[in-house]
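K.L.:
Structure provided below as structure tokens; questions to follow.
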Amino acid sequence: MINWLLALAQTLLFIAMAPFLLGWIKRVKCHMQNRAAPSLWQPYRDLGKLFRKHVVLAEQASWIFRATPYIVFGVTVLCAALVPLVAVDLPTAAIADVIVLVAFFSLARFFTALAGMDIGTAFGGMGSSRDMMIGALAEPVLLMAVFTMAMTASTTNISEATTYTLNSGLVLRPSFIFAMLGLMMVAVAETGRVPVDNPATHLELTMVHEAMILEYSGRHLALIEWAGQIKLMIYMVLVANVFFPWGIATELTANDLAVGFIAIAAKLVLLGVVLVMWETVMAKMRLFRVPQFLGFAFLLSLLGMLTHVVLETGG
Amino acid sequence: MEFTQLSLYDQAILLLAAIVLFTSFIMLAQPRIVPLIHAFAWQGVWLAVTTALVAYVTDHPHLYISAGMTLALKALLIPWMLHRLAVRLNIHRDIEAVRYPSMTLLAGASLVVFSYYVAIPIVQLSELVTRNAIAISIAVILLGMLLMITRKKAISQVIGFMSIENGLFFSAMVSTFGMPMVVELGVAFDVLVAAVLFGVFFFQMRESIDSLDVDRLNRLREVDE
């Protein structure tokens, strides 16, 4: 029982921390670019503002358009429940593995793309087609990176894989480095960050994710934005906890949980800085160069798997 | 033997081997001339680091000399010469259109699988710590060949050739802890002389066909048709 409560608390913490993480990323980015930074709480304020506003719906909007924000948010919260944040071995992690996680993400993507086309504006359809292209290329990369991890830990369960890495101590695995780089590149593409997409602009030539959700307003937009923030955090936590699980709580005592929380917070802060540095030095690339970018990410995760077979199992 | 049972140094050797392989892929994916030369230089650096580490772990002091030579020649001198050539030929800003870049990379990945199968019998017979890296070294050789096949510019082909040499050196190092010093010195100076000759060759080529595109050599005719 207490395990389930803890798992619930962890998921809630996940959802609550996600806007904060985005605020941190924005803040570091502003500092890097010599701009005055908004407060760390600004994403919460934005969400609150959107929740208070009325929803403006197009006349042609079908139930898909109205249901999509709830589906996307619900699915993302389910994903957040699957990823160990401060503690491993929680009951929610045992239910589903990482392949389910990938499938959940593509479910959310499917509905966002449908909703983008539902209203019938040009932008929505354009954004949907672009997003499906990126998704079709990003998913194999994600799965390949995950399989590399699964082959090493001989499980597809994230929680068990984390425990495995934690128990094997410091091992310099070439495959993990490649899989991590591939996962990071695909995370950048999937969460719509620079260089694949730019969440901060509404420029019709370049926008992908923003184009799909252009017609949303009020609480619908708030849910979608919040889901996007949670998704970003899920990817960062995946990178942080699967590849550098040190500090995560293995026993459910208050002390361990506190250490786990501090550890994951520190790792996310660091990863945020890495992400910002990457985004600051990269320019947004043309849409037609995205397949090349993701092709390289695929190569990285493929190399991860190959080096696992060639270097780590032989002899 | 399980990977986790190896010592950290042995793991580091395999990790560095993977990084050497990775630089080969970077070269394969890099269409610009100057970053291509830089990637080649980095391959030399990692090769030298790997060699030094192997020398330390397996207690073969003569490998330190090989490492130093690799660093001096393949990481510093030859890239510097190629870079200067590229600037003097005014091609350092050129972008070389690689047809089907993703297909090339996938072909590279399948070459890695192929070299793994080729290396299996050697790996099973060997008792060395570095035996798993033999497949990697074969892959580096084949990737250098693939680079030569897919590129048209003479300078990229030269870099592919040099990277084949890197792979040969690497395979000698991981399979028998280095060639005899005489052979190694000879090869190193051969490569150096080749780099110098290639420089002359580039200028001759540009003189006669006004380009470094090797495909245009096919069109040379004694008599106009």
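Here the Cβ of each residue, glycine as well, is placed from N, Cα and C on the backbone.
Below are the features listed in TrEMBL for this protein:
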- B:12-29: transmembrane segment (TRANSMEM)
- B:36-57: transmembrane segment (TRANSMEM)
- B:63-82: transmembrane segment (TRANSMEM)
- B:103-123: transmembrane segment (TRANSMEM)
- B:129-149: transmembrane segment (TRANSMEM)
- B:158-179: transmembrane segment (TRANSMEM)
- B:185-203: transmembrane segment (TRANSMEM)
K.L.:
Name the range, of those listed as B:12-29, B:63-82, B:103-123, that has the largest tally of Cβ pairs under 8 Å with the transmembrane segment (B:185-203).
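P.N.:
Against the transmembrane segment (B:185-203), the leading stretch is B:63-82.
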K.L.:
Can you tell me which recorded stretch out of B:12-29, B:63-82, B:103-123, B:158-179 has the most Cβ pairs within less than 8 Å of the transmembrane segment (B:129-149)?
P.N.:
B:158-179
K.L.:
With the transmembrane segment (B:63-82) as the reference, find which of B:12-29, B:103-123, B:158-179 contributes the most Cβ pairs under 8 Å.
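P.N.:
Result: B:158-179.
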